[in-house]
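Peer 1: Starting off with a structure, shown below.
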There are 2 protein chains.
Amino acid sequence: MSGLSRYFPVLDWGREYSRGLLIDDVVAAVIVTIMLIPQSLAYALLAGLPPEVGLYASILPLVAYALFGTSRALAVGPVAVVSLMTATAVGRIAQTGSPEYLTAALTLAFLSGLFLILMGLFRAGFLANFLSHPVISGFITASGLIIAASQLKHIFGISASGHNLLEIIVSLIEHLKELNPYTVAVGVTATLFLFWVRKGLKPLLVRFGLGERFADILAKAGPIGAVALSILVVLAFGLGEKGVSIVGDIPTGLPPLTLPVFDMDLWSSLIGSAVLISIIGFVESVSVAQTLAAKRRQRIDADQELIGLGAANMASGLSGGYPVTGGFARSVVNFDAGARTPAAGAYTAVGICLAALFLTPLLFHLPKATLAATIIVAVLSLVDFRLLAQTWRYSKSDFLAMLATILGTLGLGVEIGVILGVGLSILLFLYRTSRPHCAIVGQVPGTEHFRNVNRHQVLTSKELVTLRIDESLYFANARFLEDRIYELVAKQPEIRHVVLMCPAVNDVDASALESLEAINHLLKDAGVKFHLSEVKGPVMDRLKRSHFLDDLTGEVFLSQFDAMHALAPELAEMAARSLKNRENEATRQRSGFDPSI
Amino acid sequence: MSGLSRYFPVLDWGREYSRGLLIDDVVAAVIVTIMLIPQSLAYALLAGLPPEVGLYASILPLVAYALFGTSRALAVGPVAVVSLMTATAVGRIAQTGSPEYLTAALTLAFLSGLFLILMGLFRAGFLANFLSHPVISGFITASGLIIAASQLKHIFGISASGHNLLEIIVSLIEHLKELNPYTVAVGVTATLFLFWVRKGLKPLLVRFGLGERFADILAKAGPIGAVALSILVVLAFGLGEKGVSIVGDIPTGLPPLTLPVFDMDLWSSLIGSAVLISIIGFVESVSVAQTLAAKRRQRIDADQELIGLGAANMASGLSGGYPVTGGFARSVVNFDAGARTPAAGAYTAVGICLAALFLTPLLFHLPKATLAATIIVAVLSLVDFRLLAQTWRYSKSDFLAMLATILGTLGLGVEIGVILGVGLSILLFLYRTSRPHCAIVGQVPGTEHFRNVNRHQVLTSKELVTLRIDESLYFANARFLEDRIYELVAKQPEIRHVVLMCPAVNDVDASALESLEAINHLLKDAGVKFHLSEVKGPVMDRLKRSHFLDDLTGEVFLSQFDAMHALAPELAEMAARSLKNRENEATRQRSGFDPSI
């Protein structure tokens with residue numbers, strides 16, 4: 001990739017853009033537009049924003065991603081989890097419906113875009129790796145539940161609030177007496193209809209002779225059907241006057257272009273949330289982009305994806321939108337519908353733009369309950385508790401991280417939940433490596449191999465003890481090593497030589513160096529020599545840059561066999577005798593690998 | 001160790017307590033008492049507390065540690081860094097000198113004790129390992145500078161404040177016009193005297209025929225000499241009336257016993273600081289305890305140390321003291337003076353108790369400048385910038401963590417500084433392991449060994465690619481592996497088989513499992529089979545608990561040689577021919593280790 005087209009992937013694919021590609025992209029764009037109109041309205045509702053903000057977030061951001069993104073199938077726009085996180089972040093500093101709320105949402109998108117672009121320029125995409133899979137899936141399950149619960153108020157036609165599951169449920173129960181029967185009728189019908197569309201429509205269409213893929217795409221357009229039908233029902237029965245809450249007046253026109261607000265107080269109260277939203281959004285987006293790209297043996301560039309999503313969010317913040325990212329379901333539809341280049345996203349933007357210009361008057365009578373129903377049906381498909389059981393079977397520490405994320409998110413809110421999960425999974429990982437596997441080894445008679453004394457019949461010496469450590473040495477396990485060696489020496493007063501065997505040590509950091517120095521020093525006081533064996537090349541290079549090797553009381557042996565030979569010659573002789581006897585039969589045992597080590 | 005004496009080590013050593021041990025312990029206690037009197041007064045001053053609080057913190061806490069601690073030489077009491085952290089934590093919520101300030105300091109000690117005991121009971125001592133060596137030494141250097149700067153106000157006789165270096169320096173300059181010449185004279189003289197005692201007294205005493213060790217101990221008693229001399233000077237020249245700030249009235253008597261304050265607001269505003277103080281104090285204490293124990297081939301139990309220090313802090317919080325820990329210099333003196341059991345600490349407590357009862361009237365005229373001088377001389381010996389250069393040479397990422405800790409502590413304060421350092425060192429470690437070493441390998445002709453294709457002349461096949469990964473697979477590097485394999489397959493369309501060679505994989509967590517499943521799935525779509533080889537036993541056991549092996553398109557081979565044999569028979573044949581030729585000369589190459597791997 002040339003320098004410029006690294007940052008502008010459009011220069012690559014744009015050069016070969018043909019009529020065939022154009023047709024494919026336009027077809028996909030039309031289908032995605034139909035899917036995106038109700039979604040963008042619904043997710044704006046979830047974020048506590050006016051419906052047009054959802055439309056605005058689906059116009060310029062898509063164009064920006066088309067210019068800077070590397071995925072050929074990713075469909076960018078408002079998504080459920082990011083909308084919930086926006087509501088949480090912005091709800092903390094402004095009242096829903098106030099102008100400050102909107103300003104904060106715009107600023108959040110702008111900051112999130114800025115942060116993503118910085119991450120991309122500094123190639124810090126690896127940060128997203130710290131969200132382990134159990135944490136992400138726990139987070140998505142828990143947010144799905146919170147989102148579904150938060151939308152029940154629209155289905156019931158009551159007012160309720162809260163940022164965690166308990167608060168929302170309590171609030172719902174408190175307001176249950178305000179229940180509006182017409183709203184319930186619309187909401188429940190829409191929910192059932194959408195569930196049926198998701199599960200039952202596709203098989204039905206296939207039975208009527210439609211192709212599998214086309215039936216699937218048509219079933220995904222269910223929400224637009226629900227929207228149209230419920231508008232007709234509201235109009236026919238005059239439900240707007242009977243207390244059914246409707247979307248009402250949506251301003252017609254193009255997105256407003258605004259400069260970002262440079263208010264340092266606002267920035268500092270939003271920056272933490274912007275970072276979280278960016279990382280969560282990036283992880284969601286990059287996984288689907290990578291999956292889809294790999295299906296066509298294409299590649300995406302994670303760092304450039306950061307820039308693409310960053311540009312999309314900045315565009316959103318500058319054109320009346322709120323934080324966006326690549327949506328999972330929508331991108332799959334885009335892919336299945338045949339999108340071939342990021343241009344499909346730009347055509348979708350044109351579609352949404354037309355909707356914002358001409359469709360909004362038709363949406364006046366759209367009941368909010370229908371939008372809530374589309375959200376509930378979409379997010380409940382994300383809720384998956386079977387993963388908990390699977391993870392429990394596979395790994396207890398991953399299970400713990402997942403459970404902490406779910407409980408934290410449900411009980412303390414989305415932001416604390418995800419921080420808890422990430423913190424715990426890092427902590428558990430460090431804990432595991434802080435007690436590395438290590439073994440006292442002896443020589444297997446008749447070979448040059450050294451094995452764990454507890455598992456094999458091996459030759460050992462009273463004056464020489466060899467400890468093999470199966471992990472890189474770094475700050476979390478440095479003291480463990482010290483402790484282990486002091487224990488050995490305290491237990492066995494005859495020891496004259498300690499050898500640390502390092503075939504699995506890929507790194508020795510400054511803390512571990514300090515520990516090695518302390519061990520050397522203390523063993524010296526106790527009249528014991530400290531040696532190393534089988535130190536890897538790069539580790540040796542690094543040790544040479546310190547004083548450790550000058551002060552070392554013992555030697556560094558290339559192989560443990562050499563160490564044995566030099567430090568316990570009687571043992572080496574014994575081994576050599578066995579070796580001779582077994583020389584012939586041992587000829588074929590040359591593979592370095594032994595799964596029982 | 002029996003159940004009870006695990007938690008009460010005194011039951012172990014107390015049983016064998018003899019007259020000889022008693023004499024040794026008492027001698028050490030007398031010397032430590034002489035050292036501790038000025039220190040406890042000075043550190044109370046540093047913490048912003050009345051001088052008697054320092055004495056109280058040196059009585060019951062020492063008895064508590066003697067009962068529960070496992071180190072035979074650790075001298076517990078107020079220390080510089082913890083005093084500074086106390087001032088920072090308590091200063092945030094109360095005015096220096098107010099009753100609330102004292103209450104908060106007591107509560108901080110109590111909470112810190114509680115937290116340490118909980119850590120001990122849950123055997124969570126490993127948490128202290130997350131403070132890497134560069135972070136600790138950076139933190140100590142930076143706090144030493146802040147402490148020294150904060151004491152300059154007493155040397156100059158002016159008032160100044162601030163929690164980071166810049167604030168303190170600015171405040172000092174602003175108040176410089178209030179400078180009191182008499183105070184400066186006392187302060188500067190005391191500082192110079194103490195520096196001379198530290199550097200010049202010991203050689204002088206040795207020249208006059210004193211033993212090396214005794215001269216050293218006598219030199220450590222310098223501060224008490226400075227205290228006595230400066231009291232005499234103040235009295236002789238009536239400096240108290242000339243504006244030299246003196247300690248004044250110290251209440252005479254035993255420490256007051258108080259119940260802890262159960263104020264949830266206070267607790268929640270102090271708990272974070274209590275956790276930090278506990279961990280920093282524990283790390284400082286356990287390193288010196290471990291070093292001293294190892295010198296006599298004794299052992300300390302880190303988890304029981306947590307309980308010992310926790311008991312000391314709770315005792316401090318219940319008897320008018322503030323947070324304490326094992327001090328470095330003091331413990332070394334205790335050790336050198338011959339302390340043989342923790343009882344020496346209890347005898348020191350008796351000494352300080354006598355001082356609190358009878359000595360305090362003599363301290364009325366003690367100038368604060370002298371106490372400040374003892375602090376400055378003590379902490380400047382902790383400041384060591386050469387470590388920065390050493391660490392830079394040894395490891396750039398350790399250097400970064402150290403620099404961040406130093407700059408963070410100097411510029412943003414002790415708490416943020418240490419959190420920054422710990423966070424960064426964990427992040428850098430994860431970053432290093434997130435890009436594990438991996439290599440495409442081929443067969444070394446004439447052997448069953450497989451080596452990096454870029455470094456060795458090896459046999460490879462166009463249809464079969466083998467990737468060896470040299471790190472456990474976990475969340476931080478799982479996506480890296482996916483990326484690496486997709487890249488391989490995208491580049492080389494002839495590939496039919498991908499083998500992942502896992503001899504160095506000690507663990508596969510749930511995120512990595514997910515990645516392996518994704519790889520398997522995508523390779524299947526691309527018509528490529530995915531195999532594993534040389535999977536370690538425990539990893540295999542774990543994989544069997546998932547669906548991965550059922551869905552795997554390829555096989556799991558015990559050795560890479562088997563994989564090659566099954567998947568690229570033409571290559572295996574070629575290799576076998578070479579093997580035959582080299583059979584005889586290869587007989588001696590049986591050590592599994594090759595440093596050039």
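Cβ from N, Cα, C; glycine included.
Just so you know, TrEMBL annotations never went through curation; they're auto-generated.
Below are the features listed in TrEMBL for this protein:
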type	residues	note
TRANSMEM	B:26-46	transmembrane segment
TRANSMEM	B:53-69	transmembrane segment
TRANSMEM	B:101-124	transmembrane segment
TRANSMEM	B:130-148	transmembrane segment
TRANSMEM	B:179-197	transmembrane segment
TRANSMEM	B:217-239	transmembrane segment
TRANSMEM	B:266-289	transmembrane segment
TRANSMEM	B:344-364	transmembrane segment
TRANSMEM	B:370-388	transmembrane segment
TRANSMEM	B:400-431	transmembrane segment
DOMAIN	B:454-574	domain 'STAS'
Peer 1: Would you call the transmembrane segment (B:217-239) and the transmembrane segment (B:266-289) in contact, using three or more Cβ pairs under 8 Å, pairs 6 or more apart in sequence?
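Peer 2: As far as Cβ distances go (cut-off 8 Å, pairs 6 or more apart), the transmembrane segment (B:217-239) and the transmembrane segment (B:266-289) do not touch.
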Peer 1: If I take every residue in the domain 'STAS' (B:454-574) and average their pLDDT values, what number comes out?
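Peer 2: Mean pLDDT across the domain 'STAS' (B:454-574) comes out at 87.
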Peer 1: Select the range from B:26-46, B:53-69, B:130-148, B:179-197, B:370-388 that forms the most Cβ-Cβ pairs under 8 Å with the transmembrane segment (B:101-124).
Peer 2: B:53-69
Peer 1: Please work out which recorded stretch in B:53-69, B:130-148, B:266-289, B:344-364 has the most C-beta pairs separated by under 8 angstroms from the transmembrane segment (B:26-46)?
Peer 2: B:344-364
Peer 1: Does the transmembrane segment (B:179-197) reach the transmembrane segment (B:370-388), going by 3 or more CB pairs under 8 Å (6 or more apart in sequence)?
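Peer 2: They do touch: at least three Cβ pairs between the two stretches lie under 8 Å.
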Peer 1: Residues of the same chain, at least six outside the transmembrane segment (B:344-364), with any C-beta under 8 angstroms of its C-beta?
Peer 2: 24-26, 28-30, 32-33, 36-37, 40-41, 51-52, 55-56, 58-60, 62-63, 65-66, 69, 73-76, 227, 231, 246-255, 334
Peer 1: So, by DSSP, how many helix, strand and coil residues make up the domain 'STAS' (B:454-574)?
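Peer 2: Helix, strand and coil residues of the domain 'STAS' (B:454-574) number 59 helix, 21 strand, 41 coil.
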Peer 1: With Cβ-Cβ distances below 8 Å as the criterion, list the same-chain residues six or more beyond the ends of the transmembrane segment (B:130-148) that contact it, or say none.
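Peer 2: For the transmembrane segment (B:130-148), the list is 46, 80-81, 84, 164-165, 168, 279-280, 283-284, 375-376, 379-380, 382-385, 387-388, 391, 398-399, 401-410, 414, 417-418, 421-422, 425-426.
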Peer 1: I need to check the long-range neighbours of the transmembrane segment (B:53-69): which residues 6 or more away from its ends have a CB within less than 8 Å of a CB in the stretch?
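Peer 2: Sequence-distant neighbours of the transmembrane segment (B:53-69): 7-10, 36-37, 39-45, 47, 75-78, 102, 105, 109, 250, 254-256, 304-305, 307-316, 318-324, 326, 342-343, 345-346, 348-349, 352-353, 355-356, 360.
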Peer 1: What residues in the same chain, six or more past the boundaries of the transmembrane segment (B:400-431), come closer than 8 Å to it by Cβ-Cβ distance?
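Peer 2: Result: 81, 84-85, 88-89, 130-132, 134-135, 137-139, 141-143, 145-146, 163-166, 272-273, 276, 280, 387-388, 391, 476.
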